[in-house]
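Just below is one structure, and these are the notes that go with it.
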Ligand SMILES: Nc1ncnc2c1ncn2[C@@H]1O[C@H](COP(=O)(O)OP(=O)(O)OP(=O)(O)O)[C@@H](O)[C@H]1O
Ligand SMILES: [Mg+2]
């Protein structure tokens, strides 16, 4: 098992917001709140139809943004990771949070998932306050963290079943839901093999199944395709999009792959040094930079990577490495022993 694997731990500590229910900071023991609003939740990961989020939820917050951050700030000691973040993710969209290493993306996401507290500012998920209504927020989320969240010593099915238990999927429904989540990511045939025999792309799809088993209204993916080959990357996105088409879930994703952001995100925010520096559709951002540079009228639109470099400036090269460095630093395949 590699150093990044988390074999033997409760899945609650391996990327499940629900499992870290009572912890307000990293490292606290998981404890699952099975409070009164712990209803069965959305029925199946792939349930089609406009009411996929459940009629109760749909009625309660129709028209509400999936995520709202206002003045969100978070510091690790002297290091300011998030510095007054303003962000709105609309219900149903695929929203890309981009930015160089250390921009604060993961920290912001961990505040949104309630894995970190919100020391300053406000975070809401479908109208629920991340500080005061933590469990309500967690029940709406599926989260694929940047670090490995699958246990190499368990089979794919066992991994997903653990998450189903943590997310309060009822015992009666559990086997069916686990099967559906595995099928949604095309892992039915490999479901009973140990995860350590999976390729990097399969591991990432397994983690996707873990996050989907609770039929989340908001799926949060922190670098879901890092280190994967182009075919595996496409496959991960195809599975995300298929589930999204079937359920209408919102997707908040971070990625260092500008081509993916361009292709799959409805809107993107470029984050740098803890704040959003640019926001729009990929087209809007490219056109905006083209106009500023005066190249748009020649039909030479900049790429999203040009936009990124324009905003992140020299700090990108000095402090963070470039995209190819990032791509080569972590290999999902090697993270499973
Ligand atoms: N647990 C921690 N303890 C101390 N500092 C941290 C911790 N986690 C993050 N930081 C710091 O907070 C800042 C933001 O880090 P964060 O991981 O949120 O960035 P990121 O945008 O997700 O980067 P990457 O693209 O590399 O994943 C960085 O300066 C980082 O060093
Ligand atoms: Mg990160």
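Yeah, the Cβs are placed from backbone N, Cα and C, and that goes for glycine too.
TrEMBL does not curate its annotations; it predicts them automatically.
Taken from TrEMBL as is:
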REGION    1-59  region 'Disordered'
COMPBIAS  17-31  compositional bias 'Low complexity'
COMPBIAS  49-59  compositional bias 'Low complexity'
DOMAIN    67-298  domain 'ABC transporter'
REGION    282-301  region 'Disordered'
COMPBIAS  283-294  compositional bias 'Basic and acidic residues'
REGION    312-337  region 'Disordered'
For the domain 'ABC transporter' (67-298), the averaged pLDDT of the predicted model is 92
I'd like the per-state residue tally for the region 'Disordered' (282-301) from DSSP, helix first, then strand, then coil.
15 helix, 0 strand, 5 coil
